[in-house]
Amino acid sequence: MKTDLFGTRRDDPIGPGAMILRGFALDPAILADVAHIAGISPFRHMQTPGGRQIGVEMTNCGALGWVSDRHGYRYEPDDPLTGRPWPEMPAGFLRLAQEAAAHAGFPGFRPDACLVNRYVPGVKMGLHQDRDEADLDAPIVSVSLGLPATFQFGGPQRGDPVKKHALEHGDVVVWGGPARLAWHGILTLKRGEHPLTGATRINLTFRRAR
Ligand code: SIN
Ligand code: FE2
C-alpha cells in the first residue's frame, strides 16, 4: 500500500493483473482538459450496430477514437461528427495513463486512444470486454471523475463470477495481462451532485488501439 503527501492514495488489487488506484487522478486540470476536448469534439450518443442509441455520451482524444455506428465498432482517426481529427491527447492525460499503468505493473504503456464517457443518473454500461484493439498486450487504464459509480469486474469468460467495486472521483482502474479481456461494466448511475462535475460522471478509458 502506498500513500501520497495528502494520504489519499491507496492501491487496491482486485485480481491477477487488475488494480484500483484510489485517489490517483485528483488533479483538477483533468476536468479542464475534458472541457477543452468536448469544445472541439462534443459529447454525443453513438448508435450500436443494431441501430440502438448508446445511453452513455462519448467523445475521444488522441490519434484514434473509438466509434460505433451501423457499420460496427472500430477506431477512427477522424471524428465522424466534425470530419476533423480527434483533439490531441493532452500531455497530462498521457502522463497520468503512463504513470497509472506503470504503478500497476505495466511499464511502457503508450496509449494512442482515449475514449471519454459521460454518464448521467439512470445511465449504465452493460457487461462487455474491450476487444476492438489490435494490441492486447497493452493494459486498459480507466479514470473515474465526478459522481461515484459501481464497477462490475469479472473474468475473461462471460460466465465468470463478477464482483462489485465502488469507484469514486479520482480512482483509476488498470487491468491487463491475465485480466486484459475481463468482462466489466458500470451499474446504473445513482442520482447525485458532485461539486466538480454536477450531476454527471466522466470516465476516461486509455487504450493502445494499434
Ligand atoms: C468502459 O468500460 O468503457 C467504461 C468503464 C467506466 O465508465 O468506468
Ligand atoms: Fe470497457
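Yeah, the Cβs are placed from backbone N, Cα and C, and that goes for glycine too.
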Among His45, His71, His184, His194, find me the residue TrEMBL lists at the same Fe cation site as His128, Asp130. His184
Of Tyr73, Tyr119, His128, Ile202, Leu204, listed as binding-site residues, which ones have a Cβ less than 6 Å away from ligand 1? none
Over all shown protein chains, what is the count of other CB atoms within 10 A of the CB belonging to Asp130 (Fe cation binding site)? 18
Around Tyr75 (substrate binding site), which residues of its chain at least 6 apart sit with Cβ under 8 Å of its Cβ? Leu64, Gly65, Trp66, Val67, Ala113, Asp132, Glu133, Ala209, Arg210
What binding-site residues in Arg74, Tyr75, Asn117, Tyr119, Asp130, Phe206 place CB under 6 Å from ligand 2? Asp130
Site extent for 2-oxoglutarate (largest Cα pair distance over Asn117, Arg118, Tyr119, Arg201, Ile202, Asn203, Leu204, Thr205, Phe206, Arg207, Å): 20
